[in-house]
């Protein structure tokens, strides 16, 4: 931790959960009342950290504890550090794992050759910003074809509990960190400790940890720590962008937990809640975080963020406010997850501002539009099929249904990060192979193939082998069935 120089000493006068009131009696021209966002230290060995949130009068401040307040009592002395919360930056932080205070949590010695910087920075001014129109390939078919990501943009993975947000984010890390030439930063906000440990182990085994930094503010930590960990990770990202002129891939899991932590802090501080109990300042707090994720002439920060959607309600204020900051929105569907169509991305609800002919090219754009049109027609026909059956459809509509069902299955993909659970080896598919497969399905080349031949494959040519194998296995299965029947007789 950076050394503290201030000798402004106060006294704890009130403790209510994570909210602590402190009085400073020796206020003078030399010792001023601690400004907003100043870090205070108290407790045994100064182990309890408090951030000033408001000044109540000319002698009292109110702060939120960033650490548990067990053992804190009225009358204890509080030291004003004279500095805001700071985090380490520098080449020494690569391959390491940190908490919100910049302490290492990977059981290794503290990094050397680092500089400490405030986690509270302003977004770059408009004059320094730059825009890019370059596509960032993920190796995941459905994303690259229908909702391409922007290099230097912000993409959100929206979904309720258990539809695969973290799995999809982990797969993106696996596919993109290896081919990403810059630095990758993973920021865990209010998520499970187990997931952080698993990710660290996987990245170490994959050999990509040397160009990666991890920062965690886990579920069990006080709301103040979860509220600031995103800002700390962004300070690290800004260092690599501005000082080392490198591109940064910033992965955040989960933005909803950041908003939730802000809601807890707001409630503790006694602010009047807005709709559904959210804090009245949610839009401002989210903008202060999101607007720092920006591109400048010296480098770009590409951000992928998981966003939990409470009760699958996409009109929830947390989801609505987050949508407005993103260049690509990837919506995960519980219905598709229940049908086993993984990744469970809803292609009709998901969108990307990159999906225009001038950026991705006319062929890609036309194919994406045709795929969406086919899937939308199938969605409309589902009610008729449920009531009257396929027989009542016109021949043309039956062809549309067949194409849509084959497209749905082709856009599934086995993941590297789930190999141990599914028993299927992961596939990384190039954009050209994905577009080629979709085009051939739309041209009815695979009309006579079983739908299962297109399910959980990589490139489209794998369907030939899968169909051939299924045809060989079928007579064998029938022979086994006949032998069993004969034995029973």
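Including glycine, each Cβ sits where the backbone N, Cα and C put it.
Per Swiss-Prot, the features are:
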type: BINDING; residues: 159, 160, 161, 162, 163, 164, 165, 166; note: ATP binding site
type: REGION; residues: 465-489; note: region 'Disordered'
type: COMPBIAS; residues: 465-477; note: compositional bias 'Basic and acidic residues'
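In this view, residue 164 (ATP binding site) is surrounded by 22 other Cβ atoms within 10 Å of its Cβ, with every protein chain counted. Listed in chain order, the extra residues whose Cβ falls within 8 Å of the Cβ center of the ATP site residues 159, 160, 161, 162, 163, 164, 165, 166 are 308, 332, 337. In sequence order, 334, 337 constitute the residues six or more apart from residue 162 (ATP binding site) in its chain with CB-CB distances below 8 Å. Cβ environment of residue 165 (ATP binding site): 157, 158, 159, 253, 254, 306, 307, 308, 332 lie under 8 Å away, each six or more residues apart in the same chain. Most buried of the binding-site residues 159, 160, judged by other Cβ atoms within 10 Å, is 159. Neighbour counts were taken at the CB atom with a 10 A radius for the binding-site residues 161, 163; the maximum falls on 163. A 10 Å cutoff on Cβ-Cβ distances gives residue 166 (ATP binding site) a total of 22 other Cβ atoms nearby, all chains included.
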